[in-house]
Amino acid sequence: MVFKTLRRTLWLTLAALLAVFQFNLGAAQAAELTAETRTVKLNPQGDNVTLSLKQVAEGKQLFAYACGQCHVGGITKTDPNVGLDPEALALATPPRDSVESLVDYLHNPTTYDGEREISELHPSTKSTDIFPKMRNLTEDDLVAISGHILLQPKIVGTKWGGGKIYY
């Protein structure tokens, strides 16, 4: 009986340590990114923005919370032909390859060709009744998430949006 209790306590302690390590690892990884790496496209006009270390860490966490269920690794589970890789984002109509255009998409999602509004099918600030994880996301949160999406190809390369061949 004592052995079972000891073993259970050991496993719980190990799980807690791993959780703490995982949480702190994201902040440590963000701190290692240079300003050049953290610079992403701000708008369709081609202006750039350098994400703060806080935005990078929050973007990663918020993406995992609100988007990761369907977009882990930059893929789209419901449509493997459309990912979050730079090429797919640039070829969307309108292009979704900047922070401002991704934030717009999170407010007003449309099909890849831009012809139909899909807020009832894709999480957005319009559909918080259907997708409650979007309820409490602020504009700053949406900017951080968008920055995370644009930053990932610089960090993980072609793995981001690459699909099953990488994960």
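Just so you know, the numbers here start at 1 and follow the chain as drawn.
The backbone N, Cα and C atoms fix where each Cβ goes, and this holds for glycine too.
The heme c site recorded in Swiss-Prot comprises Cys67, Cys70, His71 together with one of His107, His122, namely His122. Comparing local CB density within 10 A for the binding-site residues Cys67, Cys70, the maximum falls on Cys67. The heme c site is set by Cys67, Cys70, His71, His122; from the centre of their CB atoms, other residues of the chain with a CB within 8 Å are Ala66, Gly68, Gln69, Thr76, Lys77, Pro123. Within 10 Å of the C-beta atom of His71 (heme c binding site) sit 18 other C-beta atoms, taking all shown protein chains into account. Binding residues for heme c (Cys67, Cys70, His71, His122) extend across at most 12 Å, taking the greatest CA-CA distance.
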